[in-house]
Each structure stands twice: as structure tokens, then as C-alpha cells.
Amino acid sequence: MTQRTKTRPVKVGNLTIGGNNELIIQSMTTTKTHDVEATVAEIKRLEEAGCQVVRVAVPDERAANAIADIKKQINIPLVADIHFDYRLALKAIEGGIDKVRINPGNIGRRHKVEAVVNAAKERGIPIRIGVNAGSLERHILEKYGYPTADGMVESALHHIKILEDLDFHDIIVSMKASDVNLAIEAYEKAARAFDYPLHLGITESGTLFAGTVKSAAGLGAILSKGIGNTLRISLSADPVEEVKVARELLKSFGLASNAATLISCPTCGRIEIDLISIANEVEEYISTLKVPIKVAVLGCAVNGPGEAREADIGIAGARGEGLLFRKGQVVRKVPEETMVEELKKEIDVIAAEMAAEREKEKQEQ
């Protein structure tokens, strides 16, 4: 596994970001925050999908006043996204928000920033500094001519210093850009410049398909260097899709111990079963499991089990039947019409065993 960059730990609600902790998956609601019922419903869907921290826009007082009601009805940390008006940050903090996303430089005069910092410090709430290539300060753009990684790091350090001068150190930083190469360079330089946890993202990445590819390319490159402590996949799509993509990305790098993985072959002329529909059905079935089970769905009974030795459980199709196997060893043959149900039963058994083992380990710690 890639060696992770060391950062200081920062508490966000009941989670700790940074330090030696796993990467945390975030998303953002698409509802009007003042519509508490709709916002809570969307957050619960995100929770079910595996979202661990959720951010809401707080553009006005109605949204800020809704924070307390939303907090009462959800189970994951809530982040307030604030721009310009420091009073909205104060109201969000008063309502029990778990983290505030601001840029200290656009909040206003020092006394306004100090008011937010003091309120956050009193409640033990961290602040995320959100640097974005598309909204860098004028003096930085004048200095560099256009958005650059060095300019983004300079902006981050400027905002960090504002908070540090007020003796505030519960800081998380993001360095977002829609240009993949720029984002990669900015995060690399940020990781060398300071040890605060980094929230990863490729902003304005696009629609479900294009945005998934773009985010995977950019964030994959960053993750491969051991950089990052939280991430959001930004898509013009249902935010649940953001969480699904994030989970798959982390699994690809061995960075998610709480998610199931599907192994399936690309199909060929030897296949005797409807492998594509079976693989999709099984993928949906395991999508909400919170254990690191590996499941294989393969179309060839000759090579299938051997090609998926690392799978905890799997099925390999043949004409009229399937081979059920564990760790590459055939367990039994099952009729084609029942093989998916038999596979699901085995998945349930193994997932329960893994969950019990994890609970036992927790109790022994």
C-alpha cells in the first residue's frame, strides 16, 4: 500500500480526520437547506450509501436557522458552507454544526474572523479553508498572471496564517481546481508546505460519466502519492452517485476497510450465462455492505475460480449451472436458476462473520 503523508489529526463530530485514520468520504446536499424535511431525507440516503460527512450550503439566515433541526435527525457530521457573511457562521455554530467551511480572507475585517474563530474554538469545531483555482484573490492572480499551484498554496498559507495568528489550529484545507493537472500539482505542493489534513476534490468535474472519469484520474493520481485525508467526488448528478464513486475509488487503492468489492470479467464468446445482468444485480446487493468482502462473478467455469483466488466468495457460470467457490476453491455446483440466490446467501454468511470479527476486535482494543 502507498505510504500515507502524515498530517495532524482534527476532530469533526465523532470522527477524526488526518493522523493515522482512514480517508473519509464526503458529499454535499442539493436541496435548499431551509427545507429541513427534504434535506434530512437526502442526507439519510447519503448515509445509507456510505457518506461519512455531509456539507450543506448556508447562503442565508433561513438556512442557518435550519441547522439545529437537521442535526437532530441525522447521524453523520454536518458541515456548513459559508461565504462572506460571518454572522451565518456564528448561527451555524450556535445550531450545533460540526465543521465550518470558510475562507477567512473573504469574511471581512479581523474582528469578524475573530468572532468566528472564538465561537469555533469554544465548541471545538474545526474550520476548512477552501482554496479554489477559480476564485483566487486578486493580488495572487496579478502576481502569477493566472491560477497556478504556487498561487493556490500561497492563498492557503495566507488563510492559515490568519487562523494561526488567532491561535486556532483545528484546520482542514482543500485545494480544488477543475483542471486535473493543476489540482494534482497544488495538492502535492500543499502536502509539502503544511501538515494540516487535506480534503481532496476536482471541482466542477462534470456529469456522472465524464465527472467520474475526470475525478478518478485526478484524485487517483493524488491518492497514489499518499496524499489526502477526506474526499468528495463532485458530479452534476444525484449526490448518492458521488458517494458510490468515492467508495470505488478508495477500494481501488486499498483505502476502504468498510466496503465490499465486486470482481467480474469483461465477458467473451465463451460465456454461457447472462453475466452482465448478474454482475449488476450482485453489485447492487453488496453496495451497502460495510465490510471488506470481495465477491466474484465470472463467466467461465474453466478459468473463473483460479482468476479470482483473492475473492472471499464467487460464482463461475457454465451451461445450465454455476460453480460456487471460496478463495479459489470450488465449494459446490448449483443450478443456473438459483445460483445468484445461493451466492447472496453465502455473501450474507461471510459478511456477518466479518462484522462479528470486527466487533470483537473493537471490544478487545
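Each residue, glycine too, has its Cβ placed from N, Cα and C.
If you look up Swiss-Prot, you'll see C265, C268, C300, E307 marked as [4Fe-4S] cluster binding site, on the strength of sequence analysis.
Structure coloured by features recorded in Swiss-Prot.
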residue	record	CB count, 10 Å
C265	[4Fe-4S] cluster binding site	20
C268	[4Fe-4S] cluster binding site	9
C300	[4Fe-4S] cluster binding site	21
Could you say whether, by DSSP, C268 ([4Fe-4S] cluster binding site) belongs to a helix, a strand or a coil region?
coil
